[in-house]
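Annotated features, as they stand in Swiss-Prot:
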ACT_SITE  Asp128  active site, proton acceptor
BINDING   Gly12, Arg73, Phe74, Gly103, Asp104, Gly105, Ser106  ATP binding site
BINDING   22-26, 55-60, Arg155, 186-188, Lys212, 214-216  ADP binding site
BINDING   Asp104  Mg(2+) binding site
BINDING   Thr126, Ile127, Asp128, Arg163, Met170, Gly171, Arg172, Glu223, Arg244, His250, Ile251, Gln252, Arg253  substrate binding site
Amino acid sequence: MIKKIGVLTSGGDAPGMNAAIRGVVRAALTEGLEVFGVYDGYLGLYEDRMIQLDRYSVSDMINRGGTFLGSARFPEFREEHIRAVAIENMKKRGIDALVVIGGDGSYMGAKRLTEMGFPCIGLPGTIDNDVAGTDYTIGYFTALHTVVEAIDRLRDTSSSHQRISIVEVMGRYCGDLTLAAAIAGGCEFIVLPEVEFNREDLVAEIKAGIAKGKKHAIVAITEHICDIDELAKYIETETKRETRATVLGHIQRGGSPVPYDRILASRMGAYAIELLLQGHGGRCVGIQNEKMVHHDIIDAIENMKRPFKGDWLECAKKLY
């Protein structure tokens, strides 16, 4: 019977992580469990930096961005002897299970702990919305709001100067955030990692828009596809239109979480405790069709893939 649990946040931070921690803590305490927060993710787990949390530890946290427990990259956690130390640190406190909030890299750490016999539950916390087994991740909707607001501001100045603007959006190798923001922001052109990119084709489309009387345009592109400063120079040379590139960067990860992220994080945190009390370990939580679901964390990492929203892209093209 589980009596004590740990909770940590790992990888890149996302708005709503604090709400998720709060959900875990409050639900666990309601069920009579003790909760330990781990500072700085797996690094803190290895370095034995933990603190017992009570209801007041998470007061006034639901509206705060970032993660008050901190997060850190710790690639050494892939080493078994490092994980063995982490498990021993938890066991000496009587911790029976661990809730991990983060992206697929964080899930990999939880998977490896599970394979060593220590039960973990993963919650999807990343603005990239690139975790399998869930329709949405904690932080995605807040980041979407931030990106759309930035696009709206860029449109104001692009319109004033009859300029082409390129805006680079986070997402790693998933275009969900870019695609949704582009539709909501009315972007004329969208470049995604799921679709082969050819800059000559993009310029041809921009020229076609200019020929139809288009005075300005916004190109939304997911990070890591190309150097957008070089792309801006190329577009300006080919179209003879002033072109500017904007990298939104880490501003997308910050800010107070929007209501949906607060609700999603709270539900997922409480559901993680429900699963642990039912004897589940090695699972990851998701939301599908607005219902809480859980999947085998190993299967989610190794076999499940997020479907590409091709119908969304086709819709966007009709609206150019």
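Every residue gets a Cβ built from N, Cα and C, even glycine.
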Record-listed substrate binders Thr126, Ile127, Asp128, Arg163, Met170, Gly171, Arg172, Glu223, Arg244, His250, Ile251, Gln252, Arg253 have a maximum CA to CA distance, in Å, of 32
Whole-Å Cα distance, Arg172 (substrate binding site) to the residue listed as 'active site, proton acceptor', is 7
Sequence-ordered list of residues in the chain of Gly186 (ADP binding site) that lie 6 or more positions away and have a Cβ within less than 8 Å of its Cβ, or none, is Ile151, Arg155, Ile218, Leu319
Between the C-alpha atoms of Arg73 (ATP binding site) and Thr126 (substrate binding site), the distance in angstrom, to the nearest integer, is 14
Argmin Cα dist to Gly103 (ATP binding site) over the binding-site residues Tyr56, His216, Ile251, Arg253 returns Arg253
Ranked by how many other Cβ atoms lie within 10 Å of their Cβ, the binding-site residues Arg22, Arg73, Arg172, Lys212, His216 are led by Arg22
Integer Å value for the Cα distance linking Arg22 (ADP binding site) with Met170 (substrate binding site) is 26
Here the 10 Å Cβ neighbour count for Ile251 (substrate binding site) comes out at 14
Cβ atoms other than its own within 10 Å of the Cβ of Asp128 (active site, proton acceptor), all chains, total 26
